[in-house]
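Student: Have a look at this one before I ask anything.
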Amino acid sequence: MSKKYDAGVKEYRDTYWTPDYVPLDTDLLACFKCTGQEGVPREEVAAAVAAESSTGTWSTVWSELLTDLEFYKGRCYRIEDVPGDKESFYAFIAYPLDLFEEGSITNVLTSLVGNVFGFKALRHLRLEDIRFPMAFIKTCGGPPQGIVVERDRLNKYGRPLLGCTIKPKLGLSGKNYGRVVYECLRGGLDLTKDDENINSQPFQRWRDRFEFVAEAVKLAQQETGEVKGHYLNCTATTPEEMYERAEFAKELDMPIIMHDYITGGFTANTGLANWCRKNGMLLHIHRAMHAVIDRHPKHGIHFRVLAKCLRLSGGDQLHTGTVVGKLEGDRQTTLGYIDNLRESFVPEDRTRGNFFDQDWGSMPGVFAVASGGIHVWHMPALLAIFGDDSCLQFGGGTHGHPWGSAAGAAANRVALEACVKARNAGREIEKESRDILMEAAKHSPELAIALETWKEIKFEFDTVDKLDVQ
């Protein structure tokens with residue numbers, strides 16, 4: 001052993017910087033944005049990331065001789081400049097598939113964004129994108145039902161789904177909460193939603209909410225003749241309680257439940273998605289806490305990665321921002337991760353932030369959910385950006401209507417159908433948005449009042465996290 005093993009510390013780049021390596025189809029590929037400490041060569045920083053996120057440690061160890069390090073190690077195979085940023089660079093790293101447990105997003109993230117993010121040689125580190133190989137994708141369950149099945153279950157075709165979050169999101173009793181749900185659904189919405197932080201608080205225990213909401217949904221269905229639904233948030237203190245809530249929602253014959261996938265965790269989310277698949281339930285996903293992770297342009301995980309991981313872990317709908325509302329997200333970036341939620345193949349396109357080709361095979365797609373600070377004036381832009389396979393959710397833009405939630409729901413429904421009709425007739429709905437909405441308002445006093453109420457409301461703030469393109 002002494003002839004083959006040299007104790008001590010050697011530079012990471014001696015082992016993990018392999019510029020001649022050609023990635024395999026079965027490799028998991030990752031793109032990191034790296035900002036190293038002053039004086040540390042790029043190759044050493046990039047190799048350190050590859051090492052610490054795969055097989056390496058700070059010292060040479062004798063037990064390397066007990067395995068095939070050349071087979072298992074991560075390899076940094078390319079370094080690129082970041083446009084407009086002299087401090088940072090992109091490091092492209094290939095990981096052999098055998099480093100990861102089959103179907104486990106939890107395991108993938110534990111490796112790629114684990115201890116390496118606290119590495120002293122780095123000032124900042126951001127995971128920009130992942131190329132999941134088909135060999136890994138085939139081990140993941142993915143969306144419990146997917147876009148096509150969800151449309152069939154809800155009997156909604158040819159337009160986006162229309163919904164809203166119940167407001168105020170905290171403080172209502174179960175009965176009053178159910179009353180608001182009923183008003184929204186009878187007014188014309190397809191779906192209503194628990195907010196992310198409604199679980200089972202003293203003012204409203206989860207079982208009361210579920211029962212009153214189920215009553216409201218069924219009454220609205222009887223009155224309108226349409227299929228209605230409400231996202232019942234099953235996020236809970238323990239997995240056991242989460243499944244208990246899901247089972248009760250099923251007993252009440254509710255079509256869809258909800259989970260906060262980042263705060264709840266990927267293990268819980270994958271388990272709940274598997275349960276939904278077996279029990280014929282739809283699963284709505286909220287992304288609470290995402291901005292803590294993805295908003296800093298140099299450190300963390302880009303949301304496109306979190307969106308890809310959700311499609312693999314399982315969810316039928318995912319919040320993606322709005323572009324035009326109150327939440328962060330520019331148009332091209334948002335379209336980039338919407339593509340990865342819905343399409344079967346997404347090509348590399350740096351103008352949309354996609355660093356790799358991504359083949360999703362036959363995995364079902366996920367509805368993109370636009371929610372946060374939107375109202376009727378935004379409807380043409382939302383339809384143009386998100387298309388039909390989306391869910392447009394107006395919280396304040398429903399409940400803030402001067403005539404109440406039912407009128408707000410009616411205004412949104414009329415606005416949506418007017419925009420869809422105009423688009424189908426070949427009109428440029430973004431350029432002609434005012435004419436389309438004002439024309440529809442002639443036949444809808446609810447829409448006319450909504451247009452007047454929100455005519456001055458805009459959220460014109462610059463995006464913090466911008467695409468690195470010139």
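Here the Cβ of each residue, glycine as well, is placed from N, Cα and C on the backbone.
Annotation comment: Swiss-Prot describes Asn115, Thr165, Lys169, Arg287, His319, Ser371 as substrate binding site, evidence class sequence analysis. The active site, proton acceptor annotation in Swiss-Prot covers Lys167, His286 and rests on sequence analysis. For Lys193, the entry in Swiss-Prot reads N6-carboxylysine. Residues or ranges marked as Mg(2+) binding site in Swiss-Prot (evidence: sequence analysis): Lys193, Asp195, Glu196. Marked as site 'Transition state stabilizer' by Swiss-Prot: Lys326.
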Student: Could you state the whole-number distance in Å separating the C-alpha atoms of Arg287 (substrate binding site) and Lys167 (active site, proton acceptor)?
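Tutor: Pair distance, Cα basis, whole Å: 18 Å.
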Student: Long-range neighbours only, meaning 6 or more apart in sequence with Cβ under 8 Å: which ones does Asp195 (Mg(2+) binding site) have?
Tutor: Thr165, Ile166, Lys167, Lys169, Leu170, Asn233
Student: Any idea what the Cα distance is from Glu196 (Mg(2+) binding site) over to His286 (active site, proton acceptor), rounded to a whole Å?
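Tutor: Distance (Cα to Cα, whole Å): 6 Å.
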Student: Just to verify: the residue among Lys167, Lys193, Arg287 with the fewest other Cβ atoms within 10 Å, which of the recorded positions is it?
Tutor: Lys167
Student: Here are some recorded positions: Lys169, His286, His319. Which one has the most Cβ atoms within 10 Å of its Cβ?
Tutor: His286
Student: Quick one: which of these binding-site residues, Asn115, His319, Ser371, have their CA within 10 A of Lys193 (N6-carboxylysine)?
Tutor: none
Student: Judged by the number of other CB atoms within 10 angstroms, which among Asn115, Thr165, Ser371 is the least packed of the binding-site residues?
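Tutor: Looking at the binding-site residues Asn115, Thr165, Ser371, the Cβ with the fewest others within 10 Å is that of Asn115.
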Student: Can you give me the Cα-Cα distance between His319 (substrate binding site) and His286 (active site, proton acceptor) in Å, rounded to a whole number?
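Tutor: Cα-Cα, rounded: 6 Å.
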